[in-house]
Amino acid sequence: MHIHILGICGTFMGSLALLARELGHRVTGSDANVYPPMSTQLAAQGIELQEGYAPEHLQPAPDLVVIGNALSRGNAAVEYVLDQGMPYVSGPQWLADHVLQGRWVLAVAGTHGKTTTASLLAWLLEDAGMAPGYLIGGVPQNFGLSARLGDTPFFVVEADEYDSAFFDKRSKFVHYHPRTLVMNNLEFDHADIFPDLAAIERQFHHLVRTVPGAGLIIYPRADSALQRVIEQGCWTPEQTTGAGGDWQARLLEADGSHFEVWLQGKCQGEVRWQQTGEHSVANALVALAAARHVGVAPAQAVAALGRFASVKRRMELLAEINGIRVYDDFAHHPTAIATTLAGVRKQLGAGQLIAVIEPRSNTMRLGSHQAALPRSVVDASEVIWYQPPGLDWSLDSVIAASPVPARVLDSTADIIRRVLAVAEPGCQVVIMSNGSFAGLHGQLVAALEQHYA
């Protein structure tokens, strides 16, 4: 079968393409923006990519078109599919119908940490010899690909609350029917489709309704929004993590790189790993609980955490030049920005930390989080805000309220000049965006290499 995917370079749709290819289908795709790491891994798998949404990309007609949720009515390719009467489906529905049927699905949902936690969980099962399938919105470095079918019934999926497609406004995750459900955390996001937090909580409760009574729901006990979700009705056993929960951590290093894991008052072992930050420890606890539900002994899973190699674009070290480290991070919400920088600060101590941030997500572009942004960078030494084209509001108010030195720049060239001017040996530069940031990552590394050659 020839499957054409519209929006193929999105993290979810690109992973879907890998699964379709592994099933033996011919897979092609198109996207408005084709950029690494997704474009790189797709091309390596022999998947043909085309930039833009020209109807010609759909000639001759494929057997099926999978339409990403970034596309809406009025898009030239969408209109052509409808006019020609081509068979089409949403990505989540295709996944449910062709991959998840009859499998033990372990779903990881939440506002933050889904990609890292799903990667952690897939790794814990892999290390235990369970060869799971997975679909993750990033590239886990323990695996090298963002999706695979796997050799056993177990399948780990990153479960997103964003809508499925222009013709199916339900959250993606209601299609997945998990037996093991992790809900990492919950706060307001996706202001372009949700009016308030209560609307997101309703979608999470729809997900809770799909988990069987023989399954398990795992969530942090202290998360008030998730507690409200559960209070709407729950028919499945629960395990909780964090303060007051069944699973707890005792930090042995303040930066979260070394901690003990406790389950119901009994120590299960010590973790020494490459990750930092209390958010990373929280991710580990829910992943351990989910792995135990499918038979991985806690002591074995605790040991496996030390061999976890993280995920591309999650505090990924791109280069170190003259003692200056450049990192790529996917943070695009005030909470994610704050927790990432706090983790770096605890590890770095009093050293120089420059945050370079692109407010690119739909919610950021609408300005829904602008009041929370100044405090999110409190752990940085300096923050550079990028004013991208099309931002619906001015960053001046964020600069005015910033607790640390801050400036707004509107070109990658200006950002590079600023970093070259102020970064000293020992500095850590963290670039934060959920997109390509106009190629800044590679440009900055190249400029530093040339500057110190």
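Cβ atoms here come from the backbone N, Cα and C positions, even for glycine.
Per TrEMBL, the feature domain 'Mur ligase N-terminal catalytic' maps to 2-99. Feature annotation from TrEMBL assigns domain 'Mur ligase central' to 108-291. The ATP binding site annotation in TrEMBL covers Gly110, Thr111, His112, Gly113, Lys114, Thr115, Thr116. As annotated by TrEMBL, domain 'Mur ligase C-terminal' applies to 313-435.
Ranked by Cβ neighbours within 10 A across all protein chains shown, the binding-site residues Gly110, Gly113 are led by Gly110. For the recorded ATP site, residues Gly110, Thr111, His112, Gly113, Lys114, Thr115, Thr116 set the reference point as the centre of their Cβ atoms, and the other residues of that chain within 8 Å of it by Cβ are Val108, Thr117, Asn184, Asn185, Asn283.
It is Thr111, among the binding-site residues Thr111, Thr115, Thr116, whose Cβ has the fewest other Cβ atoms within 10 Å in the structure shown.
According to DSSP, the domain 'Mur ligase C-terminal' (313-435) comprises 40 helix, 31 strand, 52 coil.
The C-beta environment of His112 (ATP binding site), restricted to residues of the same chain at least 6 apart in sequence and closer than 8 Å, consists of Asn184, Asn185, His279, His333, Thr335, Ala336, Thr339. Helix first, then strand, then coil: DSSP counts for the domain 'Mur ligase N-terminal catalytic' (2-99) stand at 41 helix, 22 strand, 35 coil.
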